[in-house]
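The transmembrane segment annotation in Swiss-Prot covers 7-27, 30-50, 146-166, 177-197. As annotated by Swiss-Prot, Zn(2+) binding site applies to His131, His135, Glu202, with the evidence given as sequence analysis. Sequence annotations record features per position, and here Swiss-Prot assigns active site to Glu132.
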Amino acid sequence: MFNWVKTAMLMAAITALFIVIGGMIGGSRGMTIALLFALGMNFFSYWFSDKMVLRMYNAQEVDENTAPQFYRMVRELATRANLPMPRVYLINEDAPNAFATGRNPEHAAVAATTGILRVLSEREMRGVMAHELAHVKHRDILISTITATMAGAISALANFAMFFGGRDENGRPANPIAGIAVALLAPIAGALIQMAISRAREFEADRGGAQISGDPQSLATALDKIHRYAAGIPFQAAEAHPATAQMMIMNPLHGGGLQNLFSTHPATEERIARLMEMARTGRFD
């Protein structure tokens, strides 16, 4: 229920932001257009954002015939978590990573790169997929996927402002300084939204995944491997769609500077330390 409230609040906040930006770009007419655009985006994000994200990554659905070991692993973990079987996807990328998407546990999907399957052992891979199923169980996936598409829309709106400027209701050029401010601040607003919803969520998914698999150490060693391998392998699809970075088990972006200020994930070292403490004590609280 709490995630439904957060999702509704996020949609309302994004709608308000769109209206403000629309007003800065085009006055009252811009506000009206922005409101209609935001309502359309809200509808689209709820029903179709998961399909959009999977298409961004050219994810291919697999089954027990095409990826038997991986598919059975997900099915076994979903059973342990008392979840419906999600759709399972593979992404042909060398960078090791994984994510979950969908609007609820009944319409969920999990995806992993071919790179992560090569890098991790079967035990470590179970830890990763248990983490992703914990996101499904906690109903994080709707707000995560909506945030990805909304943040992308904010950036698109900022680019529109930068390249096309705006007109007020009398047809005069809008304040160019306002247009520049929108173009600079909108992506930052999108990044702040992602950061606000992501950090605590990853800790909870680590804990929930450890409970599902019963093996927190496997996720800890998996995170360590992913962190080390991913640092040297660019994830082209993620770099092309940075708004989706917060969906991943590990931040796939390699940029520095301001990008580091908007990191969507807790420090890997802290995540590993918490998991190893769970393994040592046998406690998941």
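Cβ atoms here come from the backbone N, Cα and C positions, even for glycine.
Locations of recorded Swiss-Prot features on the structure.
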{"residue": "His131", "record": "Zn(2+) binding site", "Cβ neighbours (10 Å)": "28"}
{"residue": "Glu132", "record": "active site", "Cβ neighbours (10 Å)": "29"}
{"residue": "His135", "record": "Zn(2+) binding site", "Cβ neighbours (10 Å)": "25"}
{"residue": "Glu202", "record": "Zn(2+) binding site", "Cβ neighbours (10 Å)": "23"}
What other residues of the same chain, not counting His131, His135, Glu202, have a CB atom within 8 A of the CB centroid of the Zn(2+) site? Ala100, Glu132, Ala134, Asp140, Arg201, Glu204, Ala205, Asp206, Gly208, Gly209, Ile249
The correct three-state DSSP answer for His131 (Zn(2+) binding site) is helix
Glu202 (Zn(2+) binding site) - helix vs strand vs coil (DSSP): helix
